[in-house]
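Grabbed the feature section from Swiss-Prot, which reads as follows:
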{"type": "BINDING", "residues": "His101, Asp124, Asp128, Asp232", "note": "Mn(2+) 1 binding site"}
{"type": "BINDING", "residues": "Asp124, His126, Asp232, Asp234", "note": "Mn(2+) 2 binding site"}
{"type": "BINDING", "residues": "His126, Thr127, Asp128, Ile129, Asn130, Ser137, Gly138, Asn139, Asp183, Thr246, Glu277", "note": "substrate binding site"}
{"type": "COMPBIAS", "residues": "1-12", "note": "compositional bias 'Low complexity'"}
{"type": "MOD_RES", "residues": "Ser7", "note": "phosphoserine"}
{"type": "MOD_RES", "residues": "Lys17", "note": "N6-succinyllysine"}
{"type": "MOD_RES", "residues": "Ser62", "note": "phosphoserine"}
{"type": "MOD_RES", "residues": "Ser163", "note": "phosphoserine"}
{"type": "REGION", "residues": "1-26", "note": "region 'Disordered'"}
Amino acid sequence: MSSKSKSIGIIGAPFSKGQPRGGVEEGPTVLRKAGLLEKLKEQEHDVTDYGDLSFADVPNDSPFHIVKNPRAVGRANEQLAGAVAEIKKNGRISLVLGGDHSLAIGSISGHASVCPDLAVIWVDAHTDINTPLTTTSGNLHGQPVSFLLKELKGKIPDVPGFSWVTPCISAKDIVYIGLRDVDPGEHYIVKTLGIKYFSMTEVDKLGIGKVMEETLCYLLGRKKRPIHLSFDVDGLDPSFTPATGTPVAGGLSYREGIYITEAIHKTGLLSGLDIMEVNPSLGKTPEEVTRTVNTAVALTLASFGVAREGNHKPIDYLHPPK
């Protein structure tokens, strides 16, 4: 292993019940089929594949108020939290292949149980910070951040399946990038808690270079700490990731997405990565599915050091001919 190589633990989370559309549970399968593990190994990373979690059906999972599938989502996240904690205890960077974005509850909880001073970068068209009481859809993939924030303790009712969750990050520990579809209740929460965000307006105004400079300065300025990148592929414009459940026009470009992941890699502090909401059933054509999957793979590889300028091994490529 070279000095740049990382120890990575990959866990698939084929789960879809945080939202209504079938197919997102196939995310781990299509990402693996695209050669993600082989491509990481080509970069001389030490990759351990922990396989895919298996989620049991939860009978009689009646809604809580309007929140759908609460027990299934709660239980799946508890399983994922345990798996991610195990990967972190083994000294590896956790790579979670989703699945819908409700799984960030488990991924970040498990990560924070081992690395408590976590910083979270959340790339998404949405803030995913509705509470079970502010949600208008009842879909838990729009609520994960509300379960994770200490400041919202007391604002979250006792949802069946979630008794294991302890809020593990503060409002000052998270930065959003790519926002462009935020509910009024979510906007109120983000503003009231003073959460740092770069909506597409700020990305347009500042450019992605400045956005990343400010993001990393804000999260790491006082001290270096582990970074958890939770990447919803709908953060990118639907022209690059069409096969996803809640696409919103006017998103991050492919180049901006890659720049975000390159900048995080360069800190040397990436400690956990979620690649979420790839849904192969929602591509209108096979090409749309391929485009989405290839983009998700490229974002992952850039997070682990694949650079657009090229990469080379630490050898002398110019040794004289024999």
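Cβ from N, Cα, C; glycine included.
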Quick test of the contact rule: Cβ under 8 Å, at least six residues beyond the ends. What residues does that give for the region 'Disordered' (1-26)?
32, 36-37, 40, 43-53, 55, 68-69, 72-73, 76, 80, 83-84, 86-87, 90-103, 106-107, 139-142, 144, 245-246, 277-282, 304-305, 313-314
Between Glu277 (substrate binding site) and Asp232 (Mn(2+) 1 binding site), what C-alpha distance do you get in Å?
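Given the Cα positions, Glu277 (substrate binding site) is 6 Å from Asp232 (Mn(2+) 1 binding site).
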Of Asp124, Asp183, Glu277, which of the binding-site residues has the most Cβ neighbours inside 10 Å?
Glu277
Take the region 'Disordered' (1-26) and count its residues per DSSP category (helix H/G/I, strand E/B, coil), listing them in that order.
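Once the DSSP states are binned, the region 'Disordered' (1-26) shows 3 helix, 7 strand, 16 coil.
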For a quick check of packing: other C-beta atoms within 10 Å of the C-beta of Ser62 (phosphoserine), how many?
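Around the Cβ of Ser62 (phosphoserine), 9 other Cβ atoms lie within 10 Å.
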I need the neighbours of the Mn(2+) 2 site defined by Asp124, His126, Asp232, Asp234. Which other residues of that chain put their C-beta within 8 angstroms of the C-beta centroid, in sequence order?
His101, Val123, Ala125, Asp128, Gly178, Val233, Gly235, Thr246, Val248, Met276, Glu277
Who sits close to His126 (Mn(2+) 2 binding site): which same-chain residues at least 6 apart have their Cβ under 8 Å from its Cβ?
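Those within reach of His126 (Mn(2+) 2 binding site), by Cβ under 8 Å and sequence separation of 6 or more, are Gly142, Leu179, Asp181, Val182, Glu186, Asp232, Asp234, Thr246, Val248.
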